[in-house]
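These notes concern the structure reproduced below.
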Amino acid sequence: LQLVGRPLSCIRVAGRLPSRSLMNLGELVSALNNFASLSLAESWDNVGLLVEPSPPHTVKTLFLTNDLTEEVMEEAVQKKADLILSYHPPIFTPLKRVTWKTWKERLVVRALEHRIGIYSPHTAYDAIPHGINNWLTKGLGACNSVPLHPSTSPSYPTEGTHRIEFCADTAEHLETVLSKTKDIQEIFCLTTFPVRVEGKEQTRVSLNCSQKALLEVVALLSQNSLLDHKTEILILQKPLLPHTGMGRLCTLSKPASLSDIIERIKSHLKLPHVRLALGTGKTLDSPVKKAALCAGSGSSVLKGTEADLYLTGEMSHHDILDAVANGISVILCEHSNTERGFLSELGDMLTIHLQNKINIIVSEKDRDPLQVA
């Protein structure tokens, strides 16, 4: 069938985009986890799929926000979102009930009523090479950056910080030690294998353990006369992941004055102003060669780093005083202002990663709660 010489399949209705296919929620969550492994998130964090509508649940529209407030939830409902990706997890501390009493409980109620899932990546997006901190470095201008706290491979070694190997020359010694190790917490991967040492048949024991457990194992071996020159203690170090980790230390390709850096940051974050603490002995004309940054709340990540400038959303009062006393200037932009602008870039990356299968939109209601009055 043809119309005016063109196949019918080529005709588009004016003003309408070709329909995208749907993704099953499980398939989409798996793809999001591949985009940024949740194993990179901090241990204290609450990441992943937080609210799941009853299956089967398909997703046509993915809705991106930095903070999931009630106003943003209403926007998601109006735009018929099927899954909300909220950078900050709206469920962090445990909920004891789900009622209409508190605003976070109401978010869960509204999500389930409208069959909307909620997914949060949070600090996993801080760590990845193509994440929030990488985006924030663009506000400094051309620079080379490395993570302040590099991430390690989550898969090797699987458990423990130390490995200890020792020999037992008698079955009695072996049985005594193995029975007592059962009472020590944080011992992993215990194995035994026969060895020949100085012409004698012995049993060698190898185990992985935490640093705390190591002290108890060494004490146990000392008590049973098994701690000798044949005992080996190894530190198990996981390999570092390239360009991955918390915070960034940036070396500018060309040093710039602090006043120029401020203007670059304001332009990048689309802010009319930032807060500034000048380092001791520094002025707005002082050159910035190295800048340490961390999106969100950066006190714990930046502390102790040698740099000309700290850039973050918020820091504690006393950590600012410490930085200033050490000649380090501090720029604060408010917590979510150092994160929210990443969402537009994230939408473009996810469109490619998800092969344009679903509609991706960014919240228009999401904003920092703090304003200058």
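Glycine is no exception: its Cβ is also placed from the backbone N, Cα and C atoms.
The following features are taken from TrEMBL:
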| type | residues | note |
| --- | --- | --- |
| BINDING | His88, Asp126, His335, Glu339 | divalent metal cation binding site |
TODO: Select one residue from Asp126, Glu339: among these binding-site residues, choose the one with the most other Cβ atoms within 10 Å of its Cβ.
DONE: Asp126
Open item on the list: List the residues in the vicinity of the divalent metal cation site, defined as same-chain residues other than His88, Asp126, His335, Glu339 with C-beta within 8 angstroms of the site's C-beta centre.
Closed with: Asn66, Tyr87, His122, Ile132, Ala295, Gly296, Ser297, Gly313, Ser336, Thr338
Open item on the list: At 10 angstroms around each C-beta, which of the binding-site residues His88, His335 has the fewest other C-beta atoms nearby?
Closed with: His88
